[in-house]
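Taken verbatim from TrEMBL:
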- 26-50: transmembrane segment (TRANSMEM)
- 70-86: transmembrane segment (TRANSMEM)
- 136-154: transmembrane segment (TRANSMEM)
- 197-220: transmembrane segment (TRANSMEM)
- 241-264: transmembrane segment (TRANSMEM)
- 276-294: transmembrane segment (TRANSMEM)
- 306-324: transmembrane segment (TRANSMEM)
- 330-348: transmembrane segment (TRANSMEM)
Amino acid sequence: SQYSAVDTNPLSVYIMQPIWNKIIKIVPLWIAPNLLTFSGFVMILFNYFLISFYDWDYTASGTSPGLVPTWVWLFSAFTTFCAYALDSIDGKHARRTQSSTPLGELFDHGLDSWATSIFVLSFFSVCSRDNGKTGVSVYTMYIYLSIVLFNFMCSHWEKYNTGVLFLPWGYDISQVVLIAAYLLTGTVGVEVWQKPLLFGYYITDVLVILLIVFSLFLSFPQTLYNIHRAHLKKTLKNDSLYEGLLPLVSPLLLFILLTVWVVLSPSNILAKQPRLFLWMVGVAFSNVICKVIICQMSSTRPELFHWFLFPLALVVYAAISGLLGRMEEAVLAVFTILVTAAHVHYGVCVGRQLSEHLNIYIFSLKKRVQE
């Protein structure tokens, strides 16, 4: 299917696009667009692991400020900007080099689906977890991450039904806010997050409120409106309500299972291992949503239950029933490693299959030689 996306965000249209159009001119024509996409993702990953090294349990900004060196925050601002730029110019570069392919589209959105959670998890280090005085509780972090992923899922569910990707306004705004937050933390110090901003509210409270308002009152209604409009125009991809709602089943079940684990965990797993747990949430979500993206691109029906829900259900049952006992953290760690490995393996396999099918290389503009 032909890729079509609509971007109506004034920040993007009037400020960022002209910047990207200048940057794109410096990119050599022999560079493959997927290489740009992948480089951006690697930068986000590297930055995430760097922050994790200094702040594994999300306390560095709260109870013991100064644990994360200033240069790390400034480096975070730099990598976030680079990743944002690379993600914004990869499509332009593909059109410039006449190398737009379904593989590029999948590669871009597939990595975005994973990067979305990594951006959020890196940001949590800035505001730190609740220490009684300041910070955000780990449950707020979980809800915050879920809302961001819900937004991402909505745009792709909308594309599954309408065939058009309406780029959410939240994307550009969130990237600019992230870069500003890292710059602020790097220049002023983490203390800025620990002083009330307005009427006793902290910056973090304001950001959480903004996110919820944006998602539930702007993004989601817009998604429903766009689907409704396509229905009126008779341009919907799926005739039946069942078909239209099918891609939402697995993500919703995933969210329910994870929430059950968070709420009923005997050892309070989220408070014990927030970084591991939230990373696992992000990877699991990315894998589920990648299936939806593939179905939407290939006009095939998604399966009702994603395979991943079965092992997750087993682990959650074993955890909340007390079967795991003291092993809960260890099992979470092993499970997280397995899920991550499965996701990477899945990505590599799909990439290989598509590159063979389309007779192209993933990271090079050279054509494959026909066997």
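Cβ from N, Cα, C; glycine included.
In this chain, the transmembrane segment (241-264) lies apart from the transmembrane segment (26-50): fewer than three C-beta pairs between them fall below 8 angstroms, excluding pairs fewer than 6 positions apart. Contact between the transmembrane segment (136-154) and the transmembrane segment (276-294) is present: at least three CB pairs lie under 8 Å, with pairs separated by 6 or more positions in sequence. Taking every recorded stretch in 70-86, 306-324, 330-348 and counting its Cβ pairs under 8 Å to the transmembrane segment (276-294), the highest total belongs to 330-348. Remote same-chain partners of the transmembrane segment (306-324), defined as residues 6 or more beyond its termini with a Cβ less than 8 Å from a stretch Cβ, comprise 250, 253-254, 257-258, 260-261, 264-266, 269, 284, 287-288, 291, 331, 335, 339, 342.
With Cβ pairs under 8 Å as the measure, the transmembrane segment (26-50) is packed most heavily against 70-86, out of 70-86, 197-220, 330-348. Sequence-distant contacts of the transmembrane segment (197-220) (same chain, at least 6 residues past either end, Cβ-Cβ under 8 Å): 127, 134-136, 140, 144, 147-148, 150-151, 154-155, 168-170, 173, 177.
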